[in-house]
Amino acid sequence: MALFTVSRIQTTPFDGQKPGTSGLRKKVKVFVQPHYLENFVQASFNALTEGKVRGATLVVSGDGRYYSEQAIQIITKMAAANGVRRIWIGQNGLLSTPAVSAVIRERVGVDGSKATGSFILTASHNPGGPNEDFGIKYNMENGGPAPEGITNKIYENTTTIKEYLIAPDLPNVDITTVGVTNFTGPEGPFDIEVFDSASDYIKLMKSIFDFESIRKLLTSPKFSFCYDALHGVAGAYAKRIFVDELGAQENSLINCVPKEDFGGGHPDPNLTYAKELVARMGLGKSEPEGEVPEFGAAADGDADRNMVLGKRFFVTPSDSVAIIAANAVEAIPYFSAGLKGVARSMPTSAALDVVAKHLNLKFFEVPTGWKFFGNLMDAGLCSVCGEESFGTGSDHIREKDGIWAVLAWLSILAYKTKDNLESKLVSVEDIVRQHWATYGRHYYTRYDYENVDAGAAKELMAHLVKLQSSLPEVNEIIKGASSDVSKVVHGDEFEYNDPVDGSISSHQGIRYLFEDGSRLIFRLSGTGSEGATIRLYIEQYEKDPSKIGRLSHEALAPLVEAALKLSKMEEFTGRSAPTVIT
């Protein structure tokens with residue numbers, strides 16, 4: 001049993017270590033500065049109550065992006081120095097964000113221990129590599145992201161930090177081999193356990209879904225399937241789940257080897273960045289080679305996001321969560337007793353609202369950030385939730401879950417097709433169009449303007465807030481842009497009063513609400529590593545069955561024109577077009 005000592009290292013604060021909705025994200029070149037990561041980790045330990053650190057069990061893993069291995073060694077040595085009792089590390093340092101949440105909630109160590117929290121090393125859908133992004137966030141004992149009370153405290157600590165604790169002579173741990181290594185420090189034993197990254201998560205998925213039913217679908221000669229991990233951590237789970245457990249062909253998996261630079265790509269599952277999958281599903285500019293699969297899906301870097309595609313058909317994330325909620329009780333055993341409630345982020349379309357009303361379910365509209373859903377789930381108020389940024393999940397964990405969403409869709413397809421496996425399969429497009437026929441359609445798009453000058457972005461938002469004091473002026477501008485648009489009846493900055501803990505979250509996005517249910521929403525995103533990202537959300541509700549089959553960009557064109565004119569987007573940003581359209 002190796003001995004280690006503890007050193008106190010003098011340090012000074014770094015500017016800008018304020019965690020956003022998903023932790024601290026910066027360029028790798030920022031994180032590799034001496035003391036930078038250490039300051040943030042010590043500030044996090046100092047923000048936690050003593051019982052969550054001293055004698056505690058912590059998970060440390062991530063999506064495998066560049067600098068993860070070095071960060072795991074640093075955090076492990078700091079945990080030992082701060083009195084943590086054990087560290088759990090996924091093999092090769094890999095754990096998807098949803099798997100971390102599952103491990104915190106479900107896993108019991110060989111000595112009966114349970115994790116009280118986790119450092120997750122990810123920048124989610126942001127690129128990886130020496131010149132790209134790195135990130136770190138802390139998750140609590142419920143498996144969810146640290147609430148604002150903790151993240152604010154972490155930030156305050158980063159502004160005053162004078163020293164951090166580290167065990168410099170603790171040997172680097174071999175994260176490639178499963179097993180336990182024991183050490184002894186000034187406060188007693190310290191153990192590091194490297195464990196199988198996938199087994200706990202797979203066990204949880206098998207308790208939620210009818211794997212046999214999905215297996216029948218995936219092994220049917222009439223059904224074809226394609227899953228793209230975009231070289232993110234989902235690759236560590238894809239073969240084990242889709243091939244070994246569910247019988248899919250191995251060649252149905254693409255880009256499923258995790259890479260520290262995500263193969264040089266952008267691990268963001270959308271129509272812009274998941275190019276290979278989009279082409280294979282018949283949604284690219286040229287005709288695909290070979291037969292187009294019935295079902296396709298993609299994940300982001302840390303596997304908490306998902307994109308669902310049918311044959312030549314894109315399912316919007318807003319529709320996806322509504323369709324899962326509408327079919328969950330019948331198609332997914334975990335929900336057979338009924339849903340406790342549903343929730344969506346404010347910018348997500350109101351498709352879920354209509355389902356909730358139809359099924360008489362509790363409904364909540366929350367700010368962007370999964371922690372708000374977590375509060376509702378912990379209080380037993382929410383079963384299924386989602387956000388327009390390709391995040392979908394349920395109360396099985398406290399993070400969004402990309403593979404869970406794919407299994408939910410496969411469950412719905414299996415349920416709808418169960419008596420027709422030998423004849424005509426129900427397609428993804430069939431399910432979506434039937435949903436629109438029942439509930440109406442929410443035409444929806446999102447324009448992202450990335451790496452905009454931060455000052456210009458703030459000026460644009462201030463302009464939009466000022467306009468809200470005069471709705472007649474707003475309507476005059478909109479009518480000047482397009483006569484085919486309804487009247488704005490309300491404008492505000494979204495504010496959320498949490499029904500569970502009473503906390504108030506202000507300035508969560510600028511909203512313009514129209515008489516016919518249409519919405520324009522403008523937000524500054526906190527997930528980028530530099531510059532500002534302006535997100536513009538455009539939504540129009542259509543109940544007329546004769547009008548629900550239009551192309552989305554055609555149906556929304558008048559509202560898009562109105563939004564660009566109202567915001568003076570080009571004037572403020574110098575951009576004549578968005579970086580990404582979803």
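For all residues, glycine too, the Cβ spot is worked out from N, Cα and C.
If you check Swiss-Prot, you get these features:
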type	residues	note
ACT_SITE	Ser124	active site, phosphoserine intermediate
BINDING	Arg25, Ser124, Asp304, Arg305, Thr368, Glu387, Ser389, Lys400	alpha-D-glucose 1,6-bisphosphate binding site
BINDING	Ser124, Asp300, Asp302, Asp304	Mg(2+) binding site
MOD_RES	Ser124	phosphoserine
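Taking the Cβ of Glu387 (alpha-D-glucose 1,6-bisphosphate binding site) as centre and 10 Å as the limit, one finds 25 other Cβ atoms among all the protein chains shown. For Asp300 (Mg(2+) binding site), none of the binding-site residues have C-alpha atoms inside a 10 Å radius of its own C-alpha, out of Arg25, Thr368, Glu387, Lys400. DSSP classifies Asp304 (alpha-D-glucose 1,6-bisphosphate binding site) as coil under the three-state reduction. Cβ packing within 10 Å was compared across the binding-site residues Arg25, Arg305, Lys400, and the lowest neighbour count falls to Arg25.
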